[in-house]
Amino acid sequence: MVPTSLSPDDTSDPVPRSSSDIQGFCHNYPLRRHKYEDQANKGSQQCRDDWEQYIGPIERWGCGNPWEGHFAAVVLPFCRPDRIAIISYCFEYAFMYDNVVESAAKSTVNINRDDIALDETEYRTVRSVTGTKQIQSKMLLDLLSIDPVCAEVVIDSWKTMIDTTVKQDKTRTFSNLEEYVDFRIIDTGAPFVDTLMRFGMNILLTPEEEELVAPIVKPCYAALGLANDYFSFDIEWEEFQQPESNQSTMTNAVWLFMQWHQVDEQEAKRRVRQVTNDYEREYQQRVRDFISGEGKSNTKLQLYLTALGYQIPGNIAWSLRCPRYHPWLCEEGSALLRASMDEARDVCNEGKRRSISGDSISSESSVWSGASDRSARSSVSSAPSLDEGKEPDRVMLGTEHLLGPAEYIASLPSKGVREAFIDALNVWLVLPDRFVGVIKSIAKTLHNASLMLDDIEDGSPLRRGQPATHTIFGQALTINSANFVLIQAMDQVRQLEDSRCLDIFVEEMRNLFIGQSFDLYWTRQDECPSEEEYREMIRQKTGGLFRLVARLMMQKATLKKNQHISLEPLVDLMGEYFQIRDDYKNLTEEYTGQKGFCEDLDEGKFSFPLIHAHKLLPEWSEIRLLLQQGRQSGGLDVTQKQLVLGRLHDSGSMAYTEKTLRGLMGEIRLRIDQVEKESGCSNWVLKLLVHRLEV
């Protein structure tokens with residue numbers, strides 16, 4: 001993707017300096033400041049407002065700097081004006097996330113679940129799990145709505161950063177600078193900022209281009225991380241020395257130089273500045289070599305590397321007086337920032353830009369493991385055991401054959417739609433964390449049981465791109481394991497401590513099995529249902545699990561005023577959309593790599609597109625004959641499937657399915673709006689989920 005042709009002068013102004021460097025950094029690096037800094041400030045302020053609304057008070061400063069400029073304004077001067085607000089929102093969130101999270105946030109994008117579900121590990125000070133998910137969902141949804149292709153790059157980078165930093169040992173020791181720099185590049189999130197910059201410029205790099213520029217950009221990342229250490233050291237050192245601090249080490253190059261060379265902090269700072277200068281010069285040289293060599297004709301990469309270079313002086317300039325590193329400036333900075341936001345457009349039009357001096361600064365300027373504290377493999381019954389008083393030397397049978405199939409299906413990758421759906425409903429219903437965990441475990445347990453049984457009943461050899469459970473363990477063991485897991489799900493419902501929840505469970509399980517019985521009957525008897533019959537089957541079978549978790553959550557909701565909001569129409573629509581979407585994607589190339597090429601045709605199932613085609617095509621059509629043959633022979637070959645697909649397209653059945661999905665999506669969004677008005681609460685988590693499911 002080539003960036004939209006905006007010149008640097010369209011987006012930013014050069015900032016004059018009295019010397020070629022800024023406090024000994026970024027020699028001969030020009031500095032620019034974005035013309036639309038008011039939008040950057042608005043984006044950050046919106047994030048802070050959302051944080052206070054959904055989570056609670058904010059204790060630390062973020063991106064703002066009324067003297068040298070907002071972080072995004074000076075670090076990303078080439079950013080498109082229409083994208084700087086959302087990027088600043090992301091920066092602000094990242095700063096606040098860094099403030100409160102010790103290892104990994106209690107909720108963040110799940111690395112294993114295709115960006116749909118949200119993890120829950122550990123918070124340090126964040127009050128609201130749901131609130132964090134709300135902010136993340138709103139942020140991701142905005143990125144995806146602006147530029148879905150570039151947004152996916154940002155999301156992947158965020159996931160990689162979170163997954164990597166979670167695994168980083170913050171207490172580790174470093175023996176040399178190179179080892180520390182490799183650690184710090186990831187720890188500071190420099191690659192993530194890089195992808196946000198590309199998003200802002202509408203630049204998309206191919207994997208080959210990423211590999212080509214990797215050695216060029218590394219010294220830039222290193223310079224950014226070390227400069228961050230230099231300017232943040234004073235406040236980190238002060239916190240480190242507090243009596244209540246339990247830290248044994250600091251993740252800061254200044255501190256490491258003090259330890260390595262037994263020097264005081266001023267000498268250590270000087271040495272950090274010196275090695276930072278080396279990386280700055282190395283980046284300039286590598287860019288020059290690339291532009292004069294193999295990148296001579298690659299204008300996209302030249303622009304990208306030039307823009308990346310502006311991060312170095314921008315980061316230094318912002319660090320000079322940002323209240324984040326100089327907390328005594330917070331009060332004055334807040335007053336100036338409020339005033340500047342009111343007058344920002346006038347300031348931009350008049351070209352008012354403060355000069356940065358090289359002088360010193362003054363203050364003026366397992367399947368169910370998460371559901372219970374009890375052992376996952378022991379009974380939770382409080383009744384006396386029949387085993388009590390038995391001989392102690394009796395042979396004890398293990399659970400490996402009982403749980404093996406269940407643990408296998410649970411180990412396969414999942415998109416986590418149901419877990420994300422629970423997170424979304426909890427925005428409105430606000431259940432205690434322990435009940436949310438139990439309901440998620442119930443949903444996962446039931447879903448895994450249904451997958452094991454469905455694959456046997458449908459004769460499916462694959463599940464999520466891997467061998468189906470029964471092809472490994474055999475049908476008998478798989479059925480036995482699935483039956484046990486269903487009982488385990490009922491046992492988990494008891495942990496909700498509400499007899500009505502058990503009634504709800506039985507009601508919806510009954511609906512689910514009734515729906516499944518019709519699906520199996522139609523396939524076995526070669527009886528094509530009407531569209532109305534099929535949709536009712538979906539409502540009971542696929543919608544049953546969605547409806548079960550919704551009803552359980554409403555029963556346990558802490559906000560009594562929201563216990564009676566009309567969620568059932570929305571939940572039924574979600575179930576219907578999810579199944580028809582699955583039918584559609586099973587017949588598209590995108591889905592075939594996971595579940596097998598058009599596997600529904602092998603199974604002879606009457607999916608939504610086939611039902612529509614049956615209404616239009618004659619009784620003796622190739623589709624009916626081929627489906628009958630597939631049921632008898634155990635499947636169709638590729639050419640037969642391609643013929644069926646061709647007929648489905650020719651008959652307009654695929655187009656009709658797409659139209660139906662669009663209509664359902666419109667109804668879902670309308671229902672979301674209605675529930676938001678009824679509850680008085682926006683649901684960004686659900687909006688993001690719906691956006692990710694949209695075909």
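In case you wondered, yes, glycine gets a Cβ from its N, Cα and C as well.
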Isopentenyl diphosphate site partner of Lys415, Arg418, His447 (as recorded in Swiss-Prot), chosen from Arg394, Arg464: Arg464
Motif 'DDXXD 1' per Swiss-Prot - which of 98-102, 113-117, 433-437, 583-587: 98-102
174-182, 183-191, 210-218, 228-236 - the range that Swiss-Prot marks as motif 'NSE/DTE': 228-236
Nearest of the binding-site residues (Asp458, Arg464, Lys541, Asn586) to Asp187 (substrate binding site) - Cα to Cα: Arg464
Cα separation, Asp234 (substrate binding site) to Lys605 (dimethylallyl diphosphate binding site) (Å, whole number): 67
Cβ neighbour count (within 10 Å, all chains shown) around Asp234 (substrate binding site): 14
Any further residue of that chain within 8 Å (Cβ to the Cβ centroid of Lys415, Arg418, His447, Arg464) of the recorded isopentenyl diphosphate site: Ser414, Gly416, Val417, Leu451
Secondary structure at Arg463 (dimethylallyl diphosphate binding site), reduced by DSSP to three states: strand
Top Cα neighbour of Lys541 (dimethylallyl diphosphate binding site) in the set of binding-site residues Asp98, Ser232, Lys415, Asp454, Arg464: Asp454
Nearest of the binding-site residues (Tyr325, Arg418, Thr542) to Asp454 (Mg(2+) 4 binding site) - Cα to Cα: Thr542
Cβ neighbour count within 10 Å of Tyr325 (substrate binding site): 20
Among the isopentenyl diphosphate-binding set Lys415, Arg418, His447, Arg464, as the record gives it, the longest Cα-Cα distance in Å: 16
